[in-house]
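The repeat 'WD 2' annotation in Swiss-Prot covers 87-122. Under the heading repeat 'WD 3', Swiss-Prot lists 127-163. Under the heading repeat 'WD 4', Swiss-Prot lists 182-215. The feature repeat 'WD 5' is assigned by Swiss-Prot to 240-275. Among the features that Swiss-Prot reports, repeat 'WD 6' is placed at 299-364. The repeat 'WD 8' annotation in Swiss-Prot covers 431-504. Summarising the annotation, Swiss-Prot assigns repeat 'WD 9' to 518-595. Among the features that Swiss-Prot reports, repeat 'WD 10' is placed at 602-637. As annotated by Swiss-Prot, repeat 'WD 11' applies to 649-700. What Swiss-Prot lists as repeat 'WD 12' is 709-763. The repeat 'WD 13' annotation in Swiss-Prot covers 768-815. What Swiss-Prot records for 829-852 is repeat 'WD 14'. According to Swiss-Prot, the region 'Disordered' annotation covers 932-958.
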Amino acid sequence: MFKKSRHLKNVSNAIKSARVHDVSNGINSKFFDTKKICTYGINGRITVTTFDYTQSLLAVATTAGEIHVYGQKQIEVVFTLKNRPQIKHMRFIKGIYLIAVDEKSNIIVLSVHSKQILTTVFCPNSITCIETDPSLDWMLIGLESGSILIYDVDRNQMSKLKIENFQKSVFLPKERLSPVISIQWNPRDIGTILISYEHITVIYSFIDYKVKQHFFYQLEPYAPGGDLSTNIEKKRTPKVIQSLYHPNSLHILTVHEDNSLVFWDVNSGKLIHARSIFETHVNFPNPALKDCSFTETPAIFKVSWLCQRNPEYTSLLIATKATENPCLPQEITMIDLGGTPMYSVTSFDAMSKYYAKPVQQKLFSLIGKAPLINFLPLPKASPYFGGCHDTNLILLLLEDGELETLIYPAGSFSSKASIFPRSLAWVRPTVTTCIAQSVQKNLWLGMMTIAQSESFLKGGIPATRNIRRHETRSALLTGHSNGSVRIWDASHSEVTDNAVFEVNTAKVLNRATNLAIKNISFASETLELAVSSEVGDVILFKFETNKFYGQLPKSDALQLKFSRFSLDDSKTILVDVSDRGPTNVKQGFIPSTVIHAKKGAVSAIMNSNIGFVAVGFIEGTLIILDRRGPAIIFNENIRVISKAGSSYVSTVHFCVMEYGDDGFSSILMLCGTDIGELMTFKILPATNGRFEVKFTDATKTNNQGKILGINSFAKDTGYSCSATISKMQGLSKGIAIPGFVTISGANDIRLVSPGKSKDTHALFKYPIATSGLSFIPIIDGKGERKLSTIMIVLLINGDIKVLTVPELKEVKNLRCPVPLSAQYVENSSILENGDIVIRTGKFQASLISVLNESATGTNHTADISQHTPIDTLYNPDLKIGYRPQVNSLQWARGTIYCTPYQLDELLGGIERPESKYEESAIARGCISSSSSNAARKLPPGTEDHRYARPVRSSGRSNGYGVLKSVSRAIETRLDTVETTINDYATTMGQTMNDAMEETGRDMMKSAVGF
């Protein structure tokens, strides 16, 4: 007749719980406030990546208008750009500037030193490509109009020098206006650049202000051309899509839209060889050839010319576009060219054969992955040669924002989490589910000391952070699309190490597809792990010493592998997989058993701390496993025993407490279902030393929707009743522990006494995302420490409710400090210390605290308003290696070596203003003035192929030494002249005065035969 008001409901709750001890211990609202502790992952999808070798920093730009810069361990600095621009290009300059170009052709200059945005420059025309050098202030900007602007990053101004569209003005005036397609600085001479337009490629000299050489690729009728050539009966001019220098700068490569790869001689402009990925001499006419334009072939979209530590040993890495044809998976091709023949003694025919017959070719398939849109080589030897100097890691960027890591040249893919910072682990590959859990502090810290923590990035210095005082640590577990599960320390602001445990179910299941992780359960006291794949296989792991560590496969191993090739061949539900653990892991999470029930997708999984594992399937089956056997002790469909018509189990909780009026405690397994029904089971010892499961009751507890979570606590003390080994051992004493159980439904929370009654009920206006109990230590006015048990509820609208128990009375309503995503917020977790891990997006989660630690008295130094300290990115002690120079042959031909100082004069003029930023003065000390200075600051071994800078002498005393060096080279056999003279090239360059320089050059020419 009358609707029950909220006030009457609160009174009813208070009356019901009046006789029960308030385990929240009178906690009040002043103890609570929200603060974001840290963020895991990235906001948005990655669109661009770039790497700085000297500072060892990696930067990624996302669709959310953010640029993340990563260093060693957990170092991360985020630049948030106004208006969320989409970044197209990004480069590091001098290690201290980060340049970004957005889709509207704005140039954004960021300081790695001050971590500030220095300026934004608007470009009057659309930017099609850019080029920078790690050691120079200048940025070359290719425009849609075909012109090239030169931007002085350090002075924040454009150079007066503007390079015209040479295709239109000089070579092909009748062709339509071509944009600049590609720009590359000469790897040995900053005075020249390689420019490509749609139909022609030129070498331009800053010193002479003119084109020094041009390259025009034209196919005669019936020449096959590349894989995508059409109209072969006509003369064609395939458009250029990219051009590259050979690391020695003596040859170039032009890449064309028909997949032609054309090698040219820089000095003469002569075509050396034209090929495609698989075919050679594709520029030679063949009248018998038929038009193959209907043959579907993936188009090349990017090529990198990689070199080993000795830059004369090179290879090509070629990426092709994805097609819709499933029979043509996207691939990356490696063409290993091997050592480059000596230019001075190799004919054009011999050089053509060199490019036609590489040492080897490999195809790296990307089958099953999203389309590849870009790749980034990560060099180990120097920042030069286009960032391709001695790389064994290639970072692949996929269309969906995922990152893959290609081991080069082996061709295998590595998703090893510790290689890069934890935030990038969310996209290597995509996280499919995540949970967070509280772990005993000493146990956790001991376990994490042996976790993998090696990192490719070495840059940056972590900021000093305040350590929060908690008796527990927080573990973050992420499941990924490739079947891997990673276990991290969630306390990002307190732990700077990159330590992570990683397990991979692909090897355990012996499968390459359908591996995505859907459910994870972690027993934090017994260090056991249970995970389920998307097709319903459940894999059990335990933290232990690996008995197969370091073992090589035995002679009968092949037969064993064949017999276990597929789990589908197994006739039993439980499959022993203890021999499928990694042999290179001495101690860690080792697989033990797979539950291969063939029941379809898993709806719920719980690995208890007392050795029992419960697995619920969408089709209704509930399996309970005792890991001590292992043995299945229960296997039934809950649809048979449900009283309310439940279809499947949605969540499981194991606890030790009194059931009804038993007078003693029991192991209870509480199962929530899809319609809000609570099903109670007892786990009892059986006569044969095993355990048995007894169904006791089923009660409809929540209004609507599935049950999201179940928790329990003792009525008298407020401590958790979750099942542990110590509580299980105490059962023999017959002690009764009266307890409450909290059940979270779609939009309500019910508190019940198992086997007795439904007690308090709380209803919320918005649906519940997640909820849980937290156990908060409080120092009262007398200085006494007491425990306050509270219920924290996160709603999907961003409200955070703090409730007392058992009354479920609201103490405070807080607003979540991070935006929520309805699609991912259910992957959030409430932790025992008052923290909440909230998944905010596909690639991101945040750790927040609702506890005001200074008010609780547990940490007087805590300041909830204090901002998170920012890491240091730039290290001024690191020197940029000296740039490689032209070799002896180019010097002998008359190539004038251009110094950075001379280039500054050529591009900036003699009236170039003073530096605008302090970054310039800081970076100036990090540019090596000689190779010896560079060698002192760079990793050992990198000086083997370093090029000494010539130093001009004020006197003539060094002239005799130079001539003596030349004469020794002349006496050496001709085939070693080019090799040995490189050692003298820099000695001869600028150490001679004008007269001695001319004399030495004449002698060199006669020695080589010019």
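Using the three backbone atoms N, Cα and C, a Cβ is placed for every residue, glycine included.
On a predicted model such as this, the values are computed, not experimentally measured, just so you know.
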Integer average pLDDT (0 to 100) for the repeat 'WD 8' (431-504): 85
Secondary structure content, the repeat 'WD 6' (299-364) (per DSSP, counts of residues): 12 helix, 30 strand, 24 coil
Sequence-remote partners of the repeat 'WD 3' (127-163) [C-beta within less than 8 Å, at least six residues beyond its ends]: 52-54, 88-89, 91-95, 97, 99, 101, 105, 107, 109, 118-119, 121, 177-185, 190, 193, 195, 197, 204, 206, 209, 383-384, 880, 883, 900, 903-904, 906-909, 912-917, 919-920, 927
Distant-in-sequence neighbours of the repeat 'WD 14' (829-852), which means Cβ under 8 A and at least six residues beyond its ends: 30-45, 401, 426-427, 430-431, 434-438, 468, 470-472, 474, 476, 490-492, 720, 770-776, 790, 792, 794, 800, 802, 814, 816-821, 823, 862, 864
Non-local residues, at least 6 beyond the ends, that sit with Cβ under 8 Å of the repeat 'WD 4' (182-215): 129-131, 133, 136, 140, 142, 146, 148, 161, 163, 165-167, 170-172, 175, 237, 239-245, 247-249, 252, 254, 262, 264, 266-267, 269, 271, 384-386, 883-887, 890, 895-898, 900, 902-903, 906-907
